[in-house]
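Now, the feature entries from TrEMBL:
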- 42-52: compositional bias 'Low complexity' (COMPBIAS)
- 86-113: compositional bias 'Pro residues' (COMPBIAS)
- 115-125: compositional bias 'Low complexity' (COMPBIAS)
- 1-125: region 'Disordered' (REGION)
- 184-223: region 'Disordered' (REGION)
- 149-173: transmembrane segment (TRANSMEM)
Amino acid sequence: MSPDEAAELLGVSPSATRDDVERTYQTRLAEAGGDTQRRDALTAARGALVAASTWQPPSAQNAPTQPYPPQGAPTSPYPAQGAPSQPYPPQSYPPHGAPPQPYASQPQPPFAGRPPYGAPGHAATGGPYAGAYQGYPPPPPRNRMSTGAIVGITVGGIVGGLAILLVAVLVMVSIGAGASRIAQAGSTASASPYESDPGGGSSGDPSDEPTQEPSDPGFGDAVDDYDVDGVHVHYVDGWTFELTPGQTCAGATVMATFADTPDGETLDSWSTTVDLEAGVPYELTIPDDASDYDYVGIESVQCGQA
């Protein structure tokens, strides 16, 4: 990089002092901020100007002008013998901190009246030199989600919704099955161990003619009224029977037998003593804890005293 190019880049005169070059370099470096390319260019320009200002040969351009002596005055083209030789004219420098002054014989540089650099980020494009500061770069564009990520999120949401729906359906089915089992168990528990027998007709009064009769393990599924040892047996409800004797019998022993099926064999028995009056119905209720089997019938009625 030539001194002229370096001076144009820093914005100083090519004959600026080293202090001016250093001061201007620090100012431009602060303005460059984090722009590495511009900082490198400023550093190279500073080095070129410092190297150029290290030694300057005498010339007519940088030598101060001397006025001609008045006409008729004696000239002394050579110094007196013994006087110290001055191979070069004395150099005059401006005071420290003063702006550089161009020499009288040197033409005004084209960049002397150039305004200072603008604020960072507002420099116009297409500057007068290559590598001019172009302002801060625009922020990088935001990364959008890839198509695969969008598809994955969508599929995951659909699968999650289907899983929740499946769990809800299974819970509803389980609740419905449980309710059905409970209802079925309740209907089974409330059913009578005996089967209905419509009989010969109905008078319209539920107390006169029951709709269910006991099962007799020895005589089939449905059993009508029957006689046992001269006593007429009529089923009322549950384990309740109505006994109507043909004759008065005090201290009669009534025996009931139990089975696990209507046609099954006798597996258990229970007996009690009651007083029967001829022609008067006697209601006999067998307690629930008399047996663990479901089917019961009156097996015998033994009259103690007639």
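In case you wondered, yes, glycine gets a Cβ from its N, Cα and C as well.
Here the compositional bias 'Low complexity' (42-52) has long-range neighbours at 1-3, 5-7, 9-10, 12, 14, 16, 18, 21-22, 25, 28-29, 32, meaning same-chain residues at least 6 beyond its ends whose C-beta is under 8 angstroms from one of its own. Shown for the compositional bias 'Low complexity' (42-52): DSSP residue counts in helix, strand and coil, namely 11 helix, 0 strand, 0 coil.
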